[in-house]
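*Asks:* Below, the features straight out of TrEMBL:
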ACT_SITE  SER82  active site
ACT_SITE  LYS142  active site
COMPBIAS  1-28  compositional bias 'Gly residues'
DOMAIN    55-222  domain 'Peptidase S26'
REGION    1-34  region 'Disordered'
Amino acid sequence: MAALGDGAGGGGGGGDDVNDNNGGGDSGGGDDEESAVSIEGIKKWWSTPEAKDDVKTYTASLAFALALRFFIVEPRYIPSLSMYPSFQVGDQLAVEKVTKKLRPQRRGEVVVFNPPSTFREIVTFQVSGNAGSKKAKEALIKRVVAVEGDDVRVKGGSLYINGVEQDEPFTAEKANYDFGPVKVPPGQLLVLGDNRNHSLDGHIWGFLPRENVIGRAVYIYWPPWRFGNDGMF
């Protein structure tokens, strides 16, 4: 399962490798005989109709799982607090990849995307070496606050779209910065983190090309007590 970065380490599962060493000593001739018997048994099973049916079933299941993963929905997990309080560290969420092919993104949607070049340049400058290169390529998660043609401004801690102050109950706090006014260019989006003052987002690195969007976050499925989709649409 892939993590979602924000210019900081996403972190993986990791852990120590588990060795399967059950004692030492000489294996003896008995092991060779058992191996020969096992191989012969596999050959016999492989030639049966049941084996062919099993292979077909497993192949079809694998193909379906891969198609589901690459074209319809994929799991992601949250490694930082840039989208707090909507998402907490360790949340695992489903990201659907179909809607983006049917219609443009809408204001208020939470999207997962590949970072634009300006983000990669910032992170590569801040974090040197292979670590910076890796972090610069990590997918990100932010909220769409403006779409192409919108006039955007952040002033006095509030977000204004086309001159109208936005009600944003999902944010952690009011922004402590001013931004804009700017107009979102064609084919672009403006995305911000819900944790406005602790997010490396569009108010720093600019607009997001729509083609960079991977998918839309639709619900948290783990941990169980966090299950749901409050604040995602």
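The backbone N, Cα and C atoms fix where each Cβ goes, and this holds for glycine too.
Bear in mind that TrEMBL entries carry predicted annotations, made automatically and left uncurated.
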*Asks:* Give me the mean pLDDT over the domain 'Peptidase S26' (55-222), rounded to a whole number.
*Replies:* 88
*Asks:* For a quick check of packing: other C-beta atoms within 10 Å of the C-beta of SER82 (active site), how many?
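*Replies:* Taking every protein chain into account, the count is 25.
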*Asks:* Measuring CB to CB from LYS142 (active site), give everything in the same chain under 8 Å that is also at least six residues away in sequence.
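*Replies:* Same-chain residues close to LYS142 (active site) (Cβ under 8 Å, separated by 6 or more) are SER82, MET83, VAL110, VAL111, PHE113, VAL191, LEU192, GLY193, SER199, ASP201, GLY202, LEU208.
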